[in-house]
Amino acid sequence: MKTIIALSYIFCLVLGQDFPGNDNSTATLCLGHHAVPNGTLVKTITNDQIEVTNATELVQSSSTGKICNNPHRILDGIDCTLIDALLGDPHCDGFQNETWDLFVERSKAFSNCYPYDVPDYASLRSLVASSGTLEFINEGFTWTGVTQNGGSNACKRGPDSGFFSRLNWLYKSGSTYPVLNVTMPNNDNFDKLYIWGVHHPSTDQEQTSLYVQASGRVTVSTKRSQQTIIPNIGSRPWVRGLSSRISIYWTIVKPGDILVINSNGNLIAPRGYFKMRTGKSSIMRSDAPIGTCISECITPNGSIPNDKPFQNVNKITYGACPKYVKQNTLKLATGMRNVPEKQTRGLFGAIAGFIENGWEGMIDGWYGFRHQNSEGTGQAADLKSTQAAIDQINGKLNRVIEKTNEKFHQIEKEFSEVEGRIQDLEKYVEDTKIDLWSYNAELLVALENQHTIDLTDSEMNKLFEKTRRQLRENAEDMGNGCFKIYHKCDNACIGSIRNGTYDHDVYRDEALNNRFQIKGVELKSGYKDWILWISFAISCFLLCVVLLGFIMWACQKGNIRCNICI
């Protein structure tokens, strides 16, 4: 009986202790921040993986699969290369005088005229591509003593033999081929591009039958340059039934300069000039289809959005494009440090502040208050601190994009086989640039993430310190982001603390009085735990004693018999 009385006393003593919200003369106010059940891991300067409530992917890793035809003017080369369209290959006649922002060459493109080579193919291709036009002006060259408009069965235009429409094949007239000397001044205010060529017969007999002389010569010059080409007579691999070749050359004549052409044979003469323009047109090899859509950035894989600062779709781009990096993902923190809320808050449902964990379910703000008082519990967001954090984070993505997006195109680099060492060097330089940009991108994102997390933590601390300064000695910091308020604080009082109109002096006397009364009888939480554990142990011990006594009594009365066999 004495034991039962003692246990009852202990139980009543435990239940009689003050817990947050149980006493009408006190209240608990906690400050906290938004949290989500599953956050996003980002990298910072000091931490390789830190969880935040929200993050934005910065690397565009996929394309639309098609090249958008807006806002850039796309010219689909179909089965023509740009050089074939430039020369006037019969199957490319549809490209005459075309213009473009981006000329798209296809892998299925082919030549269907006299076999030729361009010693400086990459330079000519790049020059014409950047000009963005095939606008051609015929000029009245006078070729005296020779036959013009030569053709070949390898270059049919319809059923008849033909030739490149922008070139004029000259050969002997009768049995003579006189020395040609023609001049053409540039009296306009723009650069003119002249395309010309030299014919290389496959045999000496072909040479004399076309040009009379056993060896011809072609010299093309301006005030700034001169090119002299001697034909190389000899058989080459057969292409479209021919073992002879044409070498294509080009000359730019500046305003006020003069084009001079001198030849005694083998000349493939120009018919006029291409009007050169300056701009940011380009060329790209791609088999992606042309689609009706809008995109500022184009890659060989297709168009990509440029709303991210980085991309790893393709190194070759045209337009305002994200910077190419090696990383598949770089996440920019756009939310605060995430500390998911603990689902269990103990037997008495105590609330906790930001130092212990975040709060899930705060949909109207990033920072806020929770309270327990005589009127129950409640939660409200602090819009001012929330807006302060959002204002500083907003625009962060745009600032990163402004730092990284290229407002120009990254063209393809091409070199002939004899320029192999230059090509290797160029590849090394490009790879080094990509490595540097990839490192810079990762560092930039890590710095921004560190700043975001420090910023959001700072706003939380500012709000906590602001609340502490209001309450002063009327409340006690509980160490977990909460304050125990030592006076009756109804919902209106809590609201005044939140909006900064709390009057400390009004509650000062009541708070001091309650603090001294409560402190005088308050048991520390450690003693409460010990009392609970001791009372539980004693109860278990008494239960065992009663059960053992009952068994012994039953055995003595004969109601229970125990046999032990050996």
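Each residue, glycine too, has its Cβ placed from N, Cα and C.
Checking Cys293, Cys321 against Swiss-Prot, the residue bonded to Cys297 by a disulphide is Cys321.
Per Swiss-Prot, the cysteine from Cys482, Cys493 that shares a disulfide bond with Cys489 is Cys493.
Disulfide connectivity taken from Swiss-Prot links Cys113 to one of Cys30, Cys68, Cys155, namely Cys155. Matching Swiss-Prot disulfide entries to the candidates Cys293, Cys482, Cys540, Cys544 identifies the partner of Cys68 as Cys293. Fewest other C-beta atoms within 10 angstroms, among the disulfide-bonded residues Cys80, Cys113, Cys321, Cys489, Cys493, are seen around Cys493. Each of the disulfide-bonded residues Cys68, Cys92 was scored by the other Cβ atoms within 10 Å of its Cβ; the lowest score goes to Cys68. In the shown protein chains, 17 other C-beta atoms lie within 10 A of the C-beta of Asn54 (N-linked glycosylation site). Cα spacing between Cys293 (disulfide bond) and Asn301 (N-linked glycosylation site): 15 Å, rounded to the nearest whole number. For Cys489 (disulfide bond), the nearest neighbour among the recorded positions Asn54, Cys80, Asn97, Cys155, judged by Cα separation, is Asn54. Counting in whole angstrom, Asn24 (N-linked glycosylation site) lies 99 from Cys113 (disulfide bond) by their C-alpha atoms. Cys297 (disulfide bond) has a Cβ environment of 24 other Cβ atoms inside 10 Å.
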